[in-house]
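Trainee: Just passing along the structure, written as structure tokens.
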């Protein structure tokens, strides 16, 4: 009586499409299907010897997972729309869908499983006889449901000794469905783009390191400091001198950059003449004659005392000349 009451009350929780986990909540089961495709015109010849050549994939949660070959060392497992032969190619024709069983795995669990199987079912390890799409379908179906797929799906592998030439007769595009080839091309483009981006970053970093090294070597004996950056122009900072504690900065272009060292400054000083400019000589002469204060362009003043100015024009030892060696003006010149 109590048992009947229990099942009448809670029997819905024990339906074929759900189970109970340890927490007492229902876990929904999902149907797992095996979709079979016929390589139709090749089977016209293979059927004469009692062997069919089929492609298969496992459908779960509205996605079909299958395996194909390519020459690269990464996964050959791919996804496609269930029962869509056009995504596979012209040589594929949908044949039938077979329910293998049910699974309690979630979508995230299945994706982890697919990724794990992809490490074993690599594209470059594909073999038409010993490691083909049907072998992958059998492994995935067993992992999800604990059941095997029908034996006739992969009969070709069991009779491979009878037709050793068959693999060479099948075109390569049959081993690599269109949807798998598109996935491979996309992954290759992504790898190339990543490699190019990494190379560009490496070149830029190398250039920046070179600029910094060169400028550090110049700064050891020079008067400027540069902060390296990735742009064409950088911050140029003048090192503070002994008389000034502040440093001035400016933004200059690399093409216009001229680094001056102390040796350059000293060579510039040596190249300059120590003799005063002509206008300073003329101002000195005028100040000497007039006995007035004259301000030089540099701000220094020259003062001629009046006592000294009174002696201007007196002869020294040579007639016709003044004490400073200048000729006396004649009457006509006056």
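Cβ atoms are placed via backbone N, Cα and C, with glycine included.
Found this in Swiss-Prot, in case it helps:
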DOMAIN    30-174  domain 'PPPDE'
ACT_SITE  55  active site
ACT_SITE  133  active site
REGION    310-334  region 'Disordered'
COMPBIAS  310-325  compositional bias 'Polar residues'
Trainee: For residue 133 (active site), write down the residues of its own chain that are at least 6 apart in sequence and whose Cβ falls under 8 Å from its Cβ; none is a fine answer.
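Mentor: Listed in sequence order: 55, 56, 57, 66, 67, 68.
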Trainee: Hey, what's the Cβ neighbour count for residue 55 (active site) at 10 Å?
Mentor: 28
Trainee: As a test of reading the model: what is the averaged pLDDT for the domain 'PPPDE' (30-174)?
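Mentor: So the average pLDDT across the domain 'PPPDE' (30-174) works out to 87.
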Trainee: Using DSSP, break the domain 'PPPDE' (30-174) down into helix, strand and coil residues and give each count.
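Mentor: When I sort the residues of the domain 'PPPDE' (30-174) into the three classes, I find 58 helix, 40 strand, 47 coil.
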